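For reference, Swiss-Prot has these:
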type	residues	note
CARBOHYD	ASN65	N-linked glycosylation site
CARBOHYD	ASN297	N-linked glycosylation site
CARBOHYD	ASN366	N-linked glycosylation site
CARBOHYD	ASN427	N-linked glycosylation site
CARBOHYD	ASN476	N-linked glycosylation site
CARBOHYD	ASN565	N-linked glycosylation site
CARBOHYD	ASN656	N-linked glycosylation site
CARBOHYD	ASN824	N-linked glycosylation site
CARBOHYD	ASN916	N-linked glycosylation site
CARBOHYD	ASN964	N-linked glycosylation site
CARBOHYD	ASN1179	N-linked glycosylation site
CARBOHYD	ASN1274	N-linked glycosylation site
SIGNAL	1-22	signal peptide
Amino acid sequence: MALSLWPLLLLLLLLLLLSFAVTLAPTGPHSLDPGLSFLKSLLSTLDQAPQGSLSRSRFFTFLANISSSFEPGRMGEGPVGEPPPLQPPALRLHDFLVTLRGSPDWEPMLGLLGDMLALLGQEQTPRDFLVHQAGVLGGLVEVLLGALVPGGPPTPTRPPCTRDGPSDCVLAADWLPSLLLLLEGTRWQALVQVQPSVDPTNATGLDGREAAPHFLQGLLGLLTPTGELGSKEALWGGLLRTVGAPLYAAFQEGLLRVTHSLQDEVFSILGQPEPDTNGQCQGGNLQQLLLWGVRHNLSWDVQALGFLSGSPPPPPALLHCLSTGVPLPRASQPSAHISPRQRRAITVEALCENHLGPAPPYSISNFSIHLLCQHTKPATPQPHPSTTAICQTAVWYAVSWAPGAQGWLQACHDQFPDEFLDAICSNLSFSALSGSNRRLVKRLCAGLLPPPTSCPEGLPPVPLTPDIFWGCFLENETLWAERLCGEASLQAVPPSNQAWVQHVCQGPTPDVTASPPCHIGPCGERCPDGGSFLVMVCANDTMYEVLVPFWPWLAGQCRISRGGNDTCFLEGLLGPLLPSLPPLGPSPLCLTPGPFLLGMLSQLPRCQSSVPALAHPTRLHYLLRLLTFLLGPGAGGAEAQGMLGRALLLSSLPDNCSFWDAFRPEGRRSVLRTIGEYLEQDEEQPTPSGFEPTVNPSSGISKMELLACFSPVLWDLLQREKSVWALQILVQAYLHMPPENLQQLVLSAEREAAQGFLTLMLQGKLQGKLQVPPSEEQALGRLTALLLQRYPRLTSQLFIDLSPLIPFLAVSDLMRFPPSLLANDSVLAAIRDYSPGMRPEQKEALAKRLLAPELFGEVPAWPQELLWAVLPLLPHLPLENFLQLSPHQIQALEDSWPAAGLGPGHARHVLRSLVNQSVQDGEEQVRRLGPLACFLSPEELQSLVPLSDPTGPVERGLLECAANGTLSPEGRVAYELLGVLRSSGGAVLSPRELRVWAPLFSQLGLRFLQELSEPQLRAMLPVLQGTSVTPAQAVLLLGRLLPRHDLSLEELCSLHLLLPGLSPQTLQAIPRRVLVGACSCLAPELSRLSACQTAALLQTFRVKDGVKNMGTTGAGPAVCIPGQPIPTTWPDCLLPLLPLKLLQLDSLALLANRRRYWELPWSEQQAQFLWKKMQVPTNLTLRNLQALGTLAGGMSCEFLQQINSMVDFLEVVHMIYQLPTRVRGSLRACIWAELQRRMAMPEPEWTTVGPELNGLDSKLLLDLPIQLMDRLSNESIMLVVELVQRAPEQLLALTPLHQAALAERALQNLAPKETPVSGEVLETLGPLVGFLGTESTRQIPLQILLSHLSQLQGFCLGETFATELGWLLLQESVLGKPELWSQDEVEQAGRLVFTLSTEAISLIPREALGPETLERLLEKQQSWEQSRVGQLCREPQLAAKKAALVAGVVRPAAEDLPEPVPNCADVRGTFPAAWSATQIAEMELSDFEDCLTLFAGDPGLGPEELRAAMGKAKQLWGPPRGFRPEQILQLGRLLIGLGDRELQELILVDWGVLSTLGQIDGWSTTQLRIVVSSFLRQSGRHVSHLDFVHLTALGYTLCGLRPEELQHISSWEFSQAALFLGTLHLQCSEEQLEVLAHLLVLPGGFGPISNWGPEIFTEIGTIAAGIPDLALSALLRGQIQGVTPLAISVIPPPKFAVVFSPIQLSSLTSAQAVAVTPEQMAFLSPEQRRAVAWAQHEGKESPEQQGRSTAWGLQDWSRPSWSLVLTISFLGHLL
């Protein structure tokens, strides 16, 4: 049992004591009290018990305690200050006894004790005892707990307990509610009387009758243990274990019932704020927040909040007699002789006033008096007469609240300074004193300690010495508190000092005179009780030893905490009951239980007046507080404390008085900590195996509710506590909220609260403690903008105050500030300070504001002061305006330009004014230019400072330009640098010197690399990036650096960048175990492997028995058995690369290792294949689906269709779009078709759908079918626009028609139709601008277009927009006619010059296209094409336009002049394909070698140019038969220029060289035949023996095999190679493709086509074009949607028109339909073309007339439907 039983047993003991340990009114002159008679019979029974039946020590202890109960109390004579013996007063509970004796439970209770005595005397067996009495105990507990809950449990059906009745009984306990009301004070009559001491010689009363013996003290003494349980206690252990089970169950059930009842009752009183349908919520208060946490299972730290403080509860509010102004009833004065019926009731006041006399006439302990009198006035210990002894214990006075303590402190300081210094000043703990004594101690100690020689300037040293503390800290407390009190500093403080440092950090103690500081709250004034005294005394050996002689009761108080051997009675009692009983701690009941209990009861005074009933939570709160104090701190273990604390917290919430009396100010930090931990909880916690739930679906909703309803409360707590950690967590939670919910939250909060939270964010940012990852900076800007909306007016001063957060604002939010913002000098200063963190678009927006004529006038007139003030914005001026800066203006800022971050165009304009080539200080000029030197042309560098030293400062600076991307490695300046390196020889450079050349590594030729030593090469590897190493270089380096023997995992991982150089030889040298271990470090490079390298890597793991057969000849059959997969354990990094044939994972393996698989980036076909393998049940919950991770991306359309609830359907769709992998086209089409079908049906759930959709991702909005675009709300459209701005690659994944529709819809939302498009609208549209139509593009004013040319250069431009833009650029108000362009116009246009027609480009004057300008222009275009966005952009081929652009350089100036012969610098300044075959052939061999990499990588070279370049390569390396593998790889496409005989001479014995040729597209039919025949001949292989590695290596050259030869390929091997071959646009004939497709149908392949799922069609790619006509005609919709778009495009046009019907064509996904080529469309019938157009537009045009449904049941999307409108309105709230 995790929960201790001791609280329950304690209550039972109290009930028994209160029931029987009482003094009854005598019924006759000498009649014994019935209780006394009972005790005597008990004693006689024990005397008759056989010896040895139980533990002898236990019997003797028990007898001794019983015997002592009959002895009257004695007053011992002890030294002064020693407390008298513990003799508590007797209790007279006459009213209660009368009630109890009339109860039917009187007999069962007596029977319980009688049976216990019989058991001890062995008059009955334990079994008989348990049969009779277990029910009595259980019934008592049940009734007790039921009485605490309103209404209680249902009336028990069990019979009432009698002595000889059945054991399954229940106590009626009609007296128990009376007892509880009695304790609450509602019926308290003459409860406690403190009796005078009785003379032991006078055993009779004054009236001659025998006095009742003081047996109560003896009974209470039973609670004091005398020893540990012995080994003979098996009887007691069995008894407790048997009886304990029902008691524990009842106790646990009762506590839960109490808590649940309180929850409901408190909820009905306080209420709970909830968000409305719009997401708005009226904020709650702190009590409601705590109640919300309890209802949502938050674990509040009730100890830190103050609800388990262990301090005695204040007087209950229900006692009117404690109220101010209500006098307490006073008893008459004591009399020497008094009859029992006229006993005096000694008041607390009288007791506390008289107890300090020489002989207190009361039988009560000093400690009880100390407790009783704490509320009247502070207790001061009785000082020892000796001043010396007192000063040795001055520590007592230092912590005492007594006013006299200050006098003692001053006296001891004056008379015994040395002792005072040792006892007080050397103890750093006293720096944490509170009250008036703290300042006195500081002053006294400061006078005794010598001043320190020097105080540390930084954080205090560790450990702190007293002299440093008192001398430095107290001299400048404010300064040192700032250094100590930060969260990081507190963590660094040693644990021994953390307590007092934490106290000091809470602030200085205010000055008080004699009384301690008190808190005035709803309950009045509350003063601390100095309860920390025991902790300080018991933990300090010196203090403890000094104080115990004067106050002996401290020994008992400190016994537990000082690790005494005495065992608490409760602990001894429960020890056998529980396997691991938590320590009970220093509970008062473990220390001195009797006096303590009586002392607590004595604190409840007599009250004669009637008290009205109060609310149940208030009454229960007081009882729980009293119980918690009685049990002591930490008693019962964490679980018991938690349950009690939860009940205490709940019961205090409705009553402000109870709540704020207990709530500690430091509890605010605990609330923030608990909320922070809750918000940090991961909503997805996978379970070990199976489809167990892993996500709490309400967790996200609960967090949203918390933030929406209680953010103002949290903001208030943050303002008070300044917790940076909690602020960070809260801000992160806001950043992850859907924008609409966040907006509702901020707008519904009070204005002052929102402004205060923004101030907190500002402070956190200023202190550098509010950290936001780059991915969430835009969300932080959105939050800041929302908070800014709560300001009625945005001013320049507000901009200055919030300048640390300005970098996170969106441009549109930044533009909300007044236009005159930049006229403020302080604003400009703030921009200068925070400009490094601002985004370029922000600076561009602000820079454009500078151009307002009303601010600063025209650019040429700007003064130098203004230029300096706006320097961070100048690089972001539109280039046309920047070019207006005069040389004088530029030279005025000469020293500032290098660090300004200028772009190429701006930098060139500055250089023209700064560089003076006619002076001699060229090197000094370059040094001053700094980063601007990156933009110098080779000619300028040559004239200023010729490059010659590979380690020189200018050369190093230019290499830094290459490292940061400013200088292109393929440019002319880089070529000059490479010339310096080649001329000096790389061998002379040290490895460290060579490392700085890493940015130009890709341009180093193979010959140069062969000259470098191995240490030099290894030194460069750590600084290289993957893309900076060409495949040829990787082959060369891996062959040199890879150890041939004993390769370790560390060595292989150090070479991971060279993985693309994998060859048969290097792969054979890597042990399989090392490959497995290196999976994690090699994984990032796997995407750079060629298809053949990937296949070879996979082959390594599937060789039978791990034996490789990869000899140099490669002869012999494959070691794998055809058609039979070999069980293989694949490394995780290789699993996403596996062909379906090798993906042998069964359902059990997938489910058992789900955590291993759910995060892998599975391909579309793999996910579909594994989904089928798992046989996912149709009733799978959303939580189960989320547990599948990326495997859920393979979900089938049938599974979606079987989801009944619309809410569940939309949640699943949301989950799919949240996956890191893309939603496959067929699943996307299924989602929207299914949504259309559901909207056409009566759907009662539409009225309940709403908040569930708020969390859907904006990616879903972006992916909406074209037809739904017009129905989106404006807010939803803006969410899509924001998504596109953040991630433009997601826009480029859509079809062109989709992109255009989205752009037009966004423009419609931002600007009315036929109105000019403003600059703000253009900036808001962002990348969508490039897909506007002709009419919309012409709505852009030309001046606005001109000022946004720099932004347009970074966007993907659709064909329509690009054509229209090219026409607009030539207008007079933009750039004008091309024949009039100068260099400035070319630089302004940038890469947009390619939007001009070829004719217009050819008209640009040769003078405007100088070598430098031309190189920069082509570099910018190439950089764009190689960027991620550029690679996704479907721009038209620019070969003709590029040729027209460079015509003035590559063609002679006059027809009669010869063609210029290029050198390598000329080629780098243009591009290889710009030069003719004749010009290439006439190049110098050294120049060609330096540019060989560029020639091999240019896809624009024609056949003649390829032959010319290949001729130069043969001059360089000799005949082709001698080419090494790395040379063949470097030649690349140039190999097409080989003659037939030379091609036959190439050595093609392994897959390494073969794959190089197989990757080349563009071979002639003859060359294809030569390559494959040469390989088969040289390797000695037959076609039937080609494994999937060699089939993959053949690549494009596979089409060199004749159809009859292709038939011999192994279907098993080919079905694996199909994954790689299907990605190629194979130049095979239709007959060859049909043979290849037929191989996949054979038994070793995938079987009959009719059985193929869509994943098979996706796997085989373009090979699907060879499927026979009949088979294609019979394909179902799901199968068709599995065909890749590339496969669609390669189907021969006649075949395409024959095999696909209009219905099949209409089922194409939009991506498939867009892939249909114009040639294919030309062969289609009108109906087929309409079907393709319908699929391209996603249903906008139906293939059947008048909107009739197709065979697929699709409705006309344009027909109005209330359900459609409702759905779109919901989708408008997706975020």
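Keep in mind that glycine also has a Cβ here, set from the backbone N, Cα and C atoms.
Quantities reported herein were computed from a predicted structural model and do not represent experimental measurements.
Of all the glycosylation sites in the list ASN297, ASN656, ASN916, ASN1274, the shortest Cα-Cα distance to ASN1179 (N-linked glycosylation site) is found for ASN297.
Of all Cβ atoms in the protein chains displayed, 10 besides its own lie within 10 Å of the Cβ of ASN964 (N-linked glycosylation site). Residue environment of ASN1274 (N-linked glycosylation site) contains 12 other Cβ atoms, counted within 10 Å of its Cβ in all protein chains. Put simply, ASN964 (N-linked glycosylation site) is 26 Å from ASN916 (N-linked glycosylation site) when counted between their Cα atoms. According to its DSSP assignment, ASN297 (N-linked glycosylation site) is coil.
Taking Cα separation as the measure, ASN297 (N-linked glycosylation site) is nearest to ASN656 of the glycosylation sites ASN656, ASN824, ASN1274.
Highest local Cβ density among the glycosylation sites ASN297, ASN824, ASN916, ASN1179 belongs to ASN824, counted as other Cβ atoms within 10 Å over all protein chains shown. The two recorded residues, ASN656 (N-linked glycosylation site) and ASN1274 (N-linked glycosylation site), have Cα atoms 47 Å apart. Around the Cβ of ASN656 (N-linked glycosylation site), the number of neighbouring Cβ atoms within 10 Å comes to 13.
The separation of ASN824 (N-linked glycosylation site) from ASN1274 (N-linked glycosylation site), Cα to Cα, is 36 Å. Counting only the Cα atoms, the space from ASN824 (N-linked glycosylation site) to ASN964 (N-linked glycosylation site) is about 35 angstrom. In three-state terms derived from DSSP, ASN656 (N-linked glycosylation site) belongs to a helical segment. When secondary structure is read from DSSP and collapsed to three states, ASN824 (N-linked glycosylation site) falls in the coil class. According to its DSSP assignment, ASN1274 (N-linked glycosylation site) is helical.
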